[in-house]
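First the structure, in the form of structure tokens, and then the observations on it.
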Amino acid sequence: MAHQAHPFRSVLYIPGSKERALEKARGLAADAIIFDLEDAVAHDEKIHARRLLKTTLETADYGHRFRIVRVNGMDTEWGRADLEAFAEAKADAILIPKVSRAADLEAVAALVPDLPLWAMMETAQGMLNAAEIAAHPRLTGMVMGTNDLAKELGSRYRPDRLAMQAGLGLCLLAARAHGLTIVDGVYNAFRDEEGLRAECEQGRDMGFDGKTLIHPAQLEIANAVFSPSPAEIELANRQIAAFEEAERHGQGVAVVDGKIVENLHIVTARQTLAKAEAIAAFRAS
């Protein structure tokens, strides 16, 4: 897991062209917001969305929510202008769509010298080049684009996301190898709470930091699933206490609830507590 001062349990897409949605997002319980200029904006609204979002970010207060701007691709007529407009914007990262190779980030890095870059991982080629992409020195985060990936694969939806497993795993490995944040793809049936919870739990158990969301109704479940539970926090504290006691007696392992606890378990326990503390600090802010 990447060491984070900021939680990314819930990462909500907001269309950059919708003034009311941009205003409403200021009061939502999202850890991060992706202000979208790409898929969520019609072609004839692209320029309007760019101007509206730029003004909004300059004037509106989004508190401690992490602000990500998803621009249009450099292969479109809007991509370069998007990057020039937001190169010095009040944003925390620029999200690049359809990153298939590390070279896709180079032109962006030159136009946006100061902001961190995030990559949409949503092409078959991107899956195969995930390690190369994750190694780019300007990259700090990855977002799974499972809808576009499913389209490329020609796969059908299954609750277990069998067709996605290889790509999800490759990107997770790459992100963890390079200390990046990585968030899971969207769940399209936003009124299906049971299905959303199951997919959030699957992503959490795989190792994702959080989930991208398409509707505010999904926030509560994502925040709950990707937060350490009281039982997990209690176990982490007991593991640390038991291991420290064992060390004082010259032992390298402890036993908690009939299970061996080694140093690697303590690393995980401390990460659990750090995540809980980061979430508590975010709520307090």
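Note that Cβ sites are derived from N, Cα and C of the backbone, with glycine treated the same way.
Residues annotated as substrate binding site in Swiss-Prot: Arg70, Glu122. According to Swiss-Prot, the Mg(2+) binding site annotation covers Glu122, Asp148.
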TODO: Might you list, by sequence position, any residue in that chain lying six or more from Glu122 (substrate binding site) with a Cβ less than 8 Å away from its Cβ?
DONE: Pro97, Lys98, Met144, Gly145, Thr146, Asn147, Asp148, Leu149, Glu152
Open item on the list: Below 8 Å Cβ to Cβ and six or more residues apart, same chain only. Which residues does that give for Arg70 (substrate binding site)?
Closed with: Tyr13, Ile34, Phe35, Asp36, Leu37, Glu38, Leu95, Pro97, Met120
